[in-house]
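Over in TrEMBL, the protein carries these features:
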TRANSMEM  A:17-38  transmembrane segment
TRANSMEM  A:58-82  transmembrane segment
TRANSMEM  A:89-110  transmembrane segment
TRANSMEM  A:130-151  transmembrane segment
TRANSMEM  A:163-188  transmembrane segment
TRANSMEM  A:194-218  transmembrane segment
TRANSMEM  A:239-261  transmembrane segment
TRANSMEM  A:281-301  transmembrane segment
TRANSMEM  A:313-335  transmembrane segment
TRANSMEM  A:364-388  transmembrane segment
Amino acid sequence: MTAKTVYLEVRPYTRGWLALAAALGAVLAAALAAVWYMEHQGHWVTGMTNQVVWGMPHVFAVFLIVAASGALNIASMGSVFGREAYQPLARMSGLVAMALLAGGLMVLVLDLGRPDRLIVAMTHFNLKSIFTWNVVLYSGFFAVVAAYLWTMMDWRLKRFYKPAALAAFLWRLVLTTGTGCIFGFLVAREAYGAAVMAPLFIAMSFAFGLAAFILVLLYAAKTTRRPLDEALLGRMVRLLGLFVAANLYFVALHHLTQLYFAGRGGVEAFILAGGTIHTLLFWGVQVGLGGVLPLVMAFGGCRHSVRKRATMASLLVVLGGMAQVYVLIIGGQAWPLDLFPGMEVSSSFADGRIHAYTPTLPEVVLGLGGMAVAGLIILVGISALRLLPAEIRDSTPNR
Amino acid sequence: MTALSRRQVVLASGAVLITGPALARSPGAPASPANRWGLLIDTRKCAADCTVCVSACKAEMGLSGHDRPLTDAQYIRKIEVRDPVGGKLHSLPVMCQHCAKPPCVDVCPTGASMKRADGIVLVDRHICIGCRYCMMACPYKARSFAHEEQTGQQPHLPRGKGTVESCTLCVHRVDEGRLPACVEACAAKAKGAMLFGDLNDPASEIARRVASEATTRIRADLGLDPGVRYQGI
Amino acid sequence: MRPKALTRLALLATLSRQRARVIIAILLALLTLPALAAEPPAPPKAKAGTTCIESPSVMRRDHMEMLKHQRDDTLRLGIRGAKASLKGCVDCHSTTTAEGRPVPVNAEGQFCQSCHAYAAVKPDCFECHATTPAVKEAAR
């Protein structure tokens, strides 16, 4: 038996609401200005080159897209896995998932060489391309999650609730598998080219998505002065710890596989011990700050309040996640393609050299714009619809 | 017949060492899967300091460049290869390898990356959205992205900002029965290290040499079956 | 005989309908006025001694379709020598300066630009395609 949860819209146009909307709008405006500049000049004004073809926008986009599917987990925990404690948060979870995905896709699309040809991407499909599948999976994600949200909010559709929940969960698994395969299916790049990328991305999505969700929830609860149950928060922090551990496990598995293959020793030595920014980001930020420390916070003896622990652990997971995606995307490209294994090569086209990449401001601003869009969608969503519980607490009455 | 005279022009222009590839295709006829255009490059004839093929390509394709080596387009480049054991040096040109199973075509979301019936891999820039996934997928680093507005295009090779480009095997010449610019220049101004022809035609010189001599492909282990073969490395 | 009120109502309705028509007509006139005021384009004549592949009326209406069809045929299938080609357009319709330098067809007042500006259509062709005819081999 569950207690009835009351959902209430957030009152819009208050001073705080307007200030937040204006701030997010300003970041978005700056991002659009950056896009205008980059597209007008061409990509040479960014740090991206013919060697490092995907840069900072892709780091942000992949982070947001991966986090999007993970943010849906809270809803799935409640409806698919029967953890009723999470059910009051299911609506928020669906909204955050859609918002993060929209932000990520915006960044991805606006970095295209020809963003004006988006319609081409929607009308010409090469079904052999994992990218095409992702276009379908991303669009479908919006539809599936929207339908799922509908079944949660409209009692007349109660009988579709379970099937919609299951469909959304399966869809998000396939979606993250697809995102992982964008890298996993690249035979050319030694840093990727492994099936483990798919489960690794799923583990990443669990961790990043939950961290982003906790941050949104904490902020929303605080600014709307709605009570947030500490026991529920404690559960979520422990769940976050579990996901962080899963992420670390797959990272270790990936690198161990790579190290075992003699031919991939070079790229592993470069990432793990090369002494470049990638090594620092990997050990310091991804594994240290974004992996081990949140684990300690989740399970270890930390004397801070659960609210503080949740905030810190989530922020660290987001930070570590950005570093992880950076090392994966940029670090993977920085290592040169091996045209002649076992030989030393050089050319006028930077063959056989480790490629440098320096992100430029417009690229970073575009990425932040994606986050701002996600924020705006969440803000408008919780103001227009009854998504956020009036009291955020466990719906099981025995506590 | 004009086709024949074109061939004679090619033969007379200094490319005598190399057999003309084929007759020009008649107007209205599509590229045929009966052909598989390819190159055979003899690295023993390729000098380290020679960049005749690269210059010829730049002139033919109108690749003016902006003196920015990291973002300027290169369809063909010279790679110096050194064996760490003993230090033996090789020099060779690398361009799009026109794979039979091109990863760039597999990954392209819109189908802009494509392989013509006769095995030539091209970018259809009319529907290229500039996502650069093909550049992530190509093991040969054969593709470039137009990082800025382009000027001075050749009528036979449109190219513009925001799309991906690479060696076309001089498809505009091949369709006229002429040799690719790099091959022609190598024969005329260097040692004729490059041989162009139809790998599917057992009577062609390239097919005969591939049948009788040892040839290699770059990263043959990937199983992409490139149309460009090498000797001496 | 209808009741007076009804007649008046019907009259009012017709009147307002008429008024709406008049307003729409005025709006339309205002909207199209700039176009009427603008000089119709006077693109440069094609090169002497050349004939277009179709009549001007057909070309005006269908050139984009012809070119789109041809571009796919040529690039993707490798069919050469099609009737319609952008290269053909540029060959005949580009002009040269007094010093003999070629003028791009998309330059101000030139063949492609003048008409597309008038029709307010931005062609994507010249982002990539050459805007002047091929330079003779000997010139290189």
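Including glycine, each Cβ sits where the backbone N, Cα and C put it.
Contact count against the transmembrane segment (A:130-151) (Cβ pairs under 8 Å) is highest for A:58-82, out of A:17-38, A:58-82, A:194-218. Touching of the transmembrane segment (A:58-82) and the transmembrane segment (A:17-38) is ruled out by the presence of fewer than three CB pairs under 8 A, sequence neighbours closer than 6 excluded. Packing against the transmembrane segment (A:89-110) from elsewhere in the chain are residues 7, 31, 35, 39, 57-58, 60-65, 67-69, 71-75, 78-79, 118, 138, 141-142, 145-146, 148-149, 152-153, 168, 172, 209, 212-213, 216-217, 220, 232, 366-367, 369-375, 377-378, 381-382, 385-389, 392: each is 6 or more residues past its ends and has a CB under 8 Å from a CB in it.
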